[in-house]
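Colleague: Sharing a structure, written as structure tokens. Questions coming.
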Amino acid sequence: MTSEITYAEVRFKNEFKSSGINTASSAASKERTAPHKSNTGFPKLLCASLLIFFLLLAISFFIAFVIFFQKYSQLLEKKTTKELVHTTLECVKKNMPVEETAWSCCPKNWKSFSSNCYFISTESASWQDSEKDCARMEAHLLVINTQEEQDFIFQNLQEESAYFVGLSDPEGQRHWQWVDQTPYNESSTFWHPREPSDPNERCVVLNFRKSPKRWGWNDVNCLGPQRSVCEMMKIHL
């Protein structure tokens, strides 16, 4: 009886020791496999980040394309409108390399000088209506920048008429302004002697005086009907 008890105790102790070894082995195994699980999660996170990056990049390219297409459509529409306003053009080929073709054009019945086109009206209207007429032709009233430009214009005018230009004094304070916002330069003006002479005359015409014989600028009432000169940039094809 005594030997049986001893055997049972020994067996129990051995089983306990064996169980302890298995438990320790299992814990060690879990510790070894834990880093392996964290490593497998990193590639997934990297793939997800790259996917989001390329998705955002694709969206950015799409938005940029849409904006570009809209602007291109607006420019094309503007060019088409201008071509419809001036259905007939008179063009001169520019000096360009052989592989390039470029034409500088003015609408039919307009005068060409340097980089601009000029239309000399035969109808009389107020200064404001004259500017509106120019705007309907995608132009504005004449802005004189050089003596050469003015001399060219004078050669195409009739001495018995006066012609509105794009210079005015809206407030009557002798603060002259060009319609295209070109700064008014006192040293580059071509007023007749003793002009401008009346603060109530707020618009400017080109007219010819016989004494002395010369063309020049004269301030006049803006409502009085006069002929006019329109100006626009040349159209390049």
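Backbone N, Cα and C define each Cβ position, glycine as well.
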Colleague: According to the record in Swiss-Prot, which candidate from Cys222, Cys230 pairs with Cys134 in a disulphide?
Modeller: Cys230
Colleague: Say which of Cys117, Cys222 is recorded by Swiss-Prot as the disulfide partner for Cys203.
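Modeller: So the cysteine that Swiss-Prot bonds to Cys203 would be Cys222.
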Colleague: Of the residues Cys105, Cys106, which one does Swiss-Prot pair with Cys117 through a disulfide?
Modeller: Cys106
Colleague: Ranges 5-10, 137-142, 161-166: which does Swiss-Prot label motif 'ITIM motif'?
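Modeller: That would be 5-10, per the motif 'ITIM motif' entry in Swiss-Prot.
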Colleague: For the N-acetyl-D-glucosamine site given as Asn207, Phe208, Arg209, which other residues of the same chain have their Cβ within 8 Å of the site's Cβ centre?
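Modeller: My list of surrounding residues reads Glu159, Ala162, His192, Leu206, Lys210, Arg214, Trp215, Gly216, Asn218.
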Colleague: Including all protein chains displayed, how many Cβ atoms other than that of Asn145 (Ca(2+) 1 binding site) lie within 10 Å of its Cβ?
Modeller: 13
Colleague: Tally every other Cβ atom lying within 10 Å of the Cβ atom of Asn218 (Ca(2+) 2 binding site).
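Modeller: Summing over all protein chains shown, Asn218 (Ca(2+) 2 binding site) has 19 other Cβ atoms within 10 Å.
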Colleague: Calculate the distance in Å between the alpha carbons (Cα) of Arg209 (N-acetyl-D-glucosamine binding site) and Cys106 (disulfide bond), and round it to a whole number.
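Modeller: The Cα atom of Arg209 (N-acetyl-D-glucosamine binding site) is 31 Å away from the Cα atom of Cys106 (disulfide bond).
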